[in-house]
Amino acid sequence: MKNKNQMKVEKILRLPSWIKFPISKASEFEKMQRLIRKSNIHTICEEGRCPNRAECYASGTATFLLGGSICSRACAFCQVNKGKPSEINKYESIQVAEAVKILNLKYVVLTSVARDDLPDHGANLFVSTINQIRKIDPKIQIEVLTPDLWGGGKSFEDKDKLQKDRLKKILEQRPICFNHNLETVERLQKEVRRGANYKNSIGLLEKAKSIAPNIQTKSGIMLGLGETLKEIETTILDLKKVDCNQITIGQYLRPSLKHLSVKKYWAPKEFEYLKSFCSKLGFKKVSCGPLVRSSYHAG
């Protein structure tokens, strides 16, 4: 057994000077938080402790989290609670739609925890919520950010078909954008995204474009988990090969000591290089910077 002197001491990197969190009016921040609690809804802004949530709240925007606040997976980077998911709130879609109405939103982002416990992996959560929002105003633009919808069935072919069927249900509602995040490069997938798979995620984005060519597709990756520049470029090229239209690239920030450590803080000039790299490849929208998250400045 190792003694304290022999135990490996983890190196924790200091937050660099270029990472500065936006400050917003406390009144606006508290107003949005009160609405979220009163409405009995969840947002990824709160559950994921997003560094931009004060700024987004000040502008009256939020990304709604469907399926409760407990995720059936345990990704090593994510702040969202993990464990046995709660029972589905049958009023959730109505409550989210009411919040959209109160906030007078014109562009809404819907995401969800992974619900591997449900036969449809949560696809109908998106369908019902989109329908409720459209009852309020059919002109509201809706972006969806889904899990990989992978699972069930005995063979790969079964799982592949189920994924496509679940995806088709969502895309039939005609969201303006379909988003699914790769999160990291292929080599680090197993360590970072437990229960997920790089090829399954690329396949989901490819299926989305095949099913609904006119719907914009989008994906995001985090930097600072031990990836190399070459691996990032390869990931970006993989997204371009499946005709992904939009991309977000941001710095991974460790939520707590229980989560994966930050291996590197990428400098602003490196983000600028990657933004240029993506733009030259023809991505229609590129958001790239230390505090960029997949739903930041969406729309």
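Here, residue 1 is simply the first one shown, and the rest follow in order.
Glycine is no exception: its Cβ is also placed from the backbone N, Cα and C atoms.
Record features (Swiss-Prot):
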type    : residues            : note
BINDING : C45, C50, C56, S295 : [4Fe-4S] cluster 1 binding site
BINDING : C71, C75, C78       : [4Fe-4S] cluster 2 binding site
DOMAIN  : 57-284              : domain 'Radical SAM core'
Rounded inter-Cα distance in Å - C71 ([4Fe-4S] cluster 2 binding site), S295 ([4Fe-4S] cluster 1 binding site): 19
Around the Cβ of S295 ([4Fe-4S] cluster 1 binding site), the count of other Cβ atoms that are within 10 Å: 27
Assigned conformation of C71 ([4Fe-4S] cluster 2 binding site) - DSSP reduced to three states: strand
